[in-house]
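Q: Checked TrEMBL, it gives:
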- 11-389: domain 'Major facilitator superfamily (MFS) profile' (DOMAIN)
- 14-33: transmembrane segment (TRANSMEM)
- 45-70: transmembrane segment (TRANSMEM)
- 77-96: transmembrane segment (TRANSMEM)
- 102-124: transmembrane segment (TRANSMEM)
- 136-155: transmembrane segment (TRANSMEM)
- 161-182: transmembrane segment (TRANSMEM)
- 203-230: transmembrane segment (TRANSMEM)
- 242-262: transmembrane segment (TRANSMEM)
- 274-291: transmembrane segment (TRANSMEM)
- 297-315: transmembrane segment (TRANSMEM)
- 322-342: transmembrane segment (TRANSMEM)
- 362-381: transmembrane segment (TRANSMEM)
Amino acid sequence: MNTASHPLGPTRRALLMGNFVIGCGVMVVAGTLNDMAASLQVSVAVAGQLIAIAAVVMGVGAPLLAVWVSGWDRRRLLVAALVWYGLGHALSALMPDYGTLWPVRALTMLAAAVFTPQAAAAIGHMAAPAERGRSITTVFLGWALASVLGMPLNAWVGETYGWRVAMGGVAVLALVTAAVVYRSMPAGIQPPGLSLRAWRGVIANPVLMAMVGVTALAGAGQFTVFSYFAPYFRDVMQATPAELALVFGWFGLFGLAGNLALSRQVDRMGAHRAVAWLLALILVSLALWPMARSVGAMLLVLVPWGLGCMASNSAQQARLGHVAPLLAPALMALNTSAIYLGQAVGAAGGGWLVSHGDYGHLHWVGLLLVGAALALSLWAARACARGAVLPAPH
């Protein structure tokens, strides 16, 4: 299909809304963890494994499903993913216990594994080269908005009305957004599929794999702590439901600010340097973590982390696209997997600590993992400066 005559703005906004819904659904467990654990009569650590389960499904599913759906019309695919997501959340809200909830949650997250990378591929395919970067960045802002608006709203609804109501809200929003995407996006959008040669080019290159490893380590370090914000602030900081919602909103607000600042400065700074600075900001917050003895003090400690959190992933994507543009389809899919699998490892490791009542070491584990990510990132940057990244095969 020739998309030149089709206005890009409505599709861009619809896919931004889709990522907002996907982000709200992914974050709903972290925001409602306290009520979910109490309602299902399991420990916070066990309930928190729903975060790890979802991350594994998304991490494994993103590249595998990308190959399977490569020939699908993107409007049909993205609408189907949102409908699946909505029905999955509705069914999750009805599950009576943890044993029935976790498999439904896992199946629901297949939709998230499809929607976000395929929405980016679709809008990139539709946009003219001069608008491609802006279009993809705009679509990804849906995740930042989910952190600013969706996460605190989930936390407030979960603490006030219960996690089932929060799940139901995501379900309704997903079904409404499916209709918006159907009305806004043209039919016939089919980006090129991923070739076996592209996958081989990524996996065989140690520098590119090191960069993907940076994503995984940074995600694991952050989610060791972030997955358990809700119980930490309730049990350790004695935060009220309103204060917990404020924490999530505050964190998300600075996440959005960091992403917006990055989009304006990354070309001037260079992606390698941007990744290093953003990971360093996260390290500052984790190092200062034990010094905060009140919710107000913790809000200040969270500022550097918020600025670096989502922006570091965006900078990683920019870096990968810059150093190996011809390998981008496979590289982006693998990096998406690294994001989710890192989150899974972090949630699982943090859950083990929480199950032993050890909130005090969460930030130290996070600090170690993010520090390792920074060290690996600096090594990869030096390797690139020496010309160690192999050219893509033709």
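Positions of Cβ are set from backbone N, Cα and C atoms, glycine also.
Note that TrEMBL annotation is computational and uncurated.
As the structure is a computational prediction, the values presented were derived from the model and not from experiment.
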Q: Can you see whether the transmembrane segment (297-315) and the transmembrane segment (242-262) are touching - at least 3 CB pairs under 8 angstroms, only pairs 6 or more apart in sequence?
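A: Contact criterion met.
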Q: When each of 14-33, 77-96, 136-155, 203-230, 274-291 is checked against the transmembrane segment (45-70) for Cβ pairs under 8 Å, which one has the most?
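A: The listed stretch sharing the most Cβ pairs with the transmembrane segment (45-70) is 14-33.
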Q: In the predicted model, what is the mean pLDDT computed over the domain 'Major facilitator superfamily (MFS) profile' (11-389)?
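A: Its mean pLDDT is 88.
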Q: Any contact between the transmembrane segment (161-182) and the transmembrane segment (77-96)? By contact I mean 3+ C-beta pairs closer than 8 Å, pairs at least 6 apart along the chain.
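A: In contact, yes.
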Q: Let me spell it out: take the transmembrane segment (136-155), skip the flanking residues so only those 6+ beyond its ends count, and list any with a Cβ under 8 Å from a Cβ in it.
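A: Residues 12, 15-24, 26-28, 30-32, 116, 119-120, 123-124, 127, 166, 230, 241, 244-249, 251-253, 255-256, 259, 263, 310, 314 contact the transmembrane segment (136-155) from elsewhere in the chain.
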